[in-house]
Amino acid sequence: MTDRQTDRQTDRQTDRQTDRQTDRQTDRQTDGRTVSQTMNIIFSSDHYYAPYLAVSIFSIIKNTPKKINFYILDMKINQENKTIINNLASAYSCKVFFLPVCESDFQNFPKTIDYISLATYARLNLTKYIKNIEKAIYIDVDTLTNSSLQELWNIDITNYYLAACRDTFIDVKNEAYKKTIGLEGYSYFNAGILLINLNKWKEENIFQKSINWMNKYNNVMKYQDQDILNGICKGKVKFINNRFNFTPTDRDLIKKKNLLCVKMPIVISHYCGPNKFWHKKCSHLNCHIGNLLLKEMDKIIDIPSSWYDHFEKIPFLIKIKRLRKRIKDN
């Protein structure tokens, strides 16, 4: 038996490659449409959010056994963290492309929410950074994927700008706000998870439309790029079940009022709002999984002890391991 055969990462890669070969053989929809063999997923992140980005990526890789290209709209992520994320993706035969974004490009856009970075505005200009792909899934960093993204990826958006889930916090509780930003009579979507038709975005010059909309509603908009996307995409959105973007508000509506029909299983848990999956106060669906994923990642790639400091909900045994890593690092 060779050293290579006993190598943990090689074994995992081999298993993953086998899964993807099987997946490619069945990678067609029942209605006959061919689905792209490579899934394109976009994140936007700065240096501080890199550990959470890695965990979110890992949750996708574990649940979606196929070749994935990850495109990171990169706001000054340092090289060490880039290397860690690249190593994680490579262990599962996936690729990561870091696309430098200059935050000054969006300095005139309003920052109305303290816990949302200006990095989110970068996606308004996606076609500048990402070339030669027709479709992509955009996912916020504050998410954990619970099952395969294949069903989401398969959705036909040929005649739409994007597919998205209703934002029940706005749609159910803030109808008056929609009127304020010109969306009376339209459903309002949460922009944390989007299936994007990049061909349409290029044809319609979405970035210029974003600037025009922002200039008109700058004094009244509250939810940054999410408001902008709702404003410029109204009438061109394919609304999908909230199982693809399950928020704390969705959970509350189901528990208290049963006003929302969500099919099972929940594909993506979205920790929008101030309490994220790495916070002690977070109680949203599967928030504890973030810590477990961090621990599992550490068995696959060597992550720095400082990453554990980013997670408040750390089990006792992981705290011990963190202490040992600090001693070793020093």
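Every residue, even glycine, has its Cβ placed from backbone N, Cα and C.
The annotation UDP binding site is assigned in Swiss-Prot to 44-49, 140-141, 270-276 on the grounds of similarity to another entry. Counting only residues at least six positions away in the same chain, the Cβ atoms of Asp140, Asp142, Thr143, Asn190, Gly192, Ile193, Asn245, Phe246, Thr247 sit under 8 Å from the Cβ of His270 (UDP binding site).
Positions annotated as Mn(2+) binding site by Swiss-Prot, on the basis of similarity to another entry: Asp140, Asp142, His270. Under the DSSP three-state reduction, His270 (UDP binding site) is assigned to strand.
What Swiss-Prot records for 1-31 is compositional bias 'Basic and acidic residues'.
Residues annotated as region 'Disordered' in Swiss-Prot: 1-32.
All protein chains considered, the CB of Cys272 (UDP binding site) has 22 other CB atoms within 10 Å. Just so you know, of the binding-site residues Asp46, Asp140, Asp142, the Cβ with the fewest other Cβ atoms around it within 10 Å is the one at Asp46. Packing around Tyr48 (UDP binding site) is summarised by its Cβ count: 15 other Cβ atoms lie within 10 angstroms of its Cβ, all protein chains included.
Other residues of the same chain near the Mn(2+) site, with their Cβ within 8 Å of the Cβ centroid of Asp140, Asp142, His270, are Ile139, Val141, Thr143, Gly192, Ile193, Tyr271, Cys272, Lys276.
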